[in-house]
Amino acid sequence: MERVNETVVREFIFLSFSSAARLQQLLFVIFLLLYLFTLGINAIIISTIVLDRALHIPMYFFLAILSCSEICYTFVIVPKMLVDLLAQRKTISFLGCAIQMFSFLFLGCSHSFLLAVMGYDRYVAICNPLRYSVLMGHGMCMGLVAAACACGFTVAQIITSLVFHLPFYSSNQLHHFFCDISPVLRLASHHNHFSQIVIFMLCTLVLAIPLLLILVSYVHIISAILQFPSTLGRYKAYSTCVSHLIIVTVHYGCASFIYLRPQSNFSSSQDALISVSYTIITPLFNPMIYSLRNKEFKSALCRIVRRTISLS
């Protein structure tokens, strides 16, 4: 009887940038430029890997998949955020919010498992170089990517279902710029503690399992590198792993800060700031770190550019 006069939430209102109303146009320009640059750099990486046969090896196949993931990941969040920066009323429908959360979680979780796959690829390349082409054949690479996507899809489906099966009445003001787990959960009228525990455990597993696999891979990698007789060989082996380790550190550091803190420690302004770096800046730097530190990729890009100029 207490809910007779309460209204079921049919849309959410984003409030993240409402306190910076005078800066919204400036933020729009900055975020738009970053977004376009992210799309451009990822498109260049994918095109270079596809067009240059020297890069048709597992390491670059996974890098191309990572770049595709970054493009889709930003597309789920950034265009809507850019529109909202210029809009008077920043809203999203209940169904749209659920779709956005599912897509974001699917791509984010798949990204975590993909980083573990890339760690395994480095482990096989350094610890079993003679069997690399056999162990990392085309079928194996496709299977690992499919497994990463399947894990991401399953986790995203479970979490999204648990969140949006909660009752939402009256309050629809979302203190964020997209439909992330914690901001939406705060608006639920009644919290199901079992659902919250399951969500927290899934977030923990999605971060802990791939990270553990990466750590195990690098323990074996480092022990193998230390046995290399040549200093130059050790340097080359380390250089192929550093880029991956940088991305792993940034990804798991930001994700752990957002999703593994106690609920009482959450701050809307902190979350929004970290999420901006997590959804806009990180997808820009991840492919750049991989490509700019890689001489083989830069040589392939130069060949593609020269070939394009000569044809024109």
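Positions of Cβ are set from backbone N, Cα and C atoms, glycine also.
Whatever TrEMBL says is automated annotation, not expert-curated.
Taken verbatim from TrEMBL:
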- 26-51: transmembrane segment (TRANSMEM)
- 41-290: domain 'G-protein coupled receptors family 1 profile' (DOMAIN)
- 58-78: transmembrane segment (TRANSMEM)
- 98-120: transmembrane segment (TRANSMEM)
- 141-164: transmembrane segment (TRANSMEM)
- 197-226: transmembrane segment (TRANSMEM)
- 238-260: transmembrane segment (TRANSMEM)
- 272-290: transmembrane segment (TRANSMEM)
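The transmembrane segment (141-164) is in contact with the transmembrane segment (58-78), judged by 3+ CB-CB distances under 8 Å for residue pairs 6 or more apart in sequence. Fewer than three CB pairs closer than 8 A are found between the transmembrane segment (238-260) and the transmembrane segment (26-51), and contact between the two stretches is not assigned (pairs 6 or more residues apart). Tertiary neighbourhood of the transmembrane segment (58-78): same-chain residues 31, 35, 38-39, 42-43, 45-46, 49-50, 100, 103-104, 107-108, 110-111, 114, 117-118, 121-122, 125, 136, 141, 145, 177-178, 240, 279-280, 283, 286-287, 290-291, 297, selected by CB-CB distance under 8 Å and a gap of 6+ residues from either end. Residues belonging to the domain 'G-protein coupled receptors family 1 profile' (41-290) score a mean pLDDT of 87 in the model. The transmembrane segment (98-120) and the transmembrane segment (26-51) are not in contact, since fewer than 3 Cβ pairs between them lie under 8 Å (pairs 6 or more apart in sequence). Proximity of distant same-chain residues to the transmembrane segment (26-51), defined by a Cβ-Cβ separation under 8 Å and at least 6 residues beyond the stretch ends, is recorded for 17, 20, 60-61, 63-64, 67-68, 70-71, 74, 78-79, 81-82, 85-86, 280-281, 283-284, 287-288, 290-291, 297, 300-301, 304.
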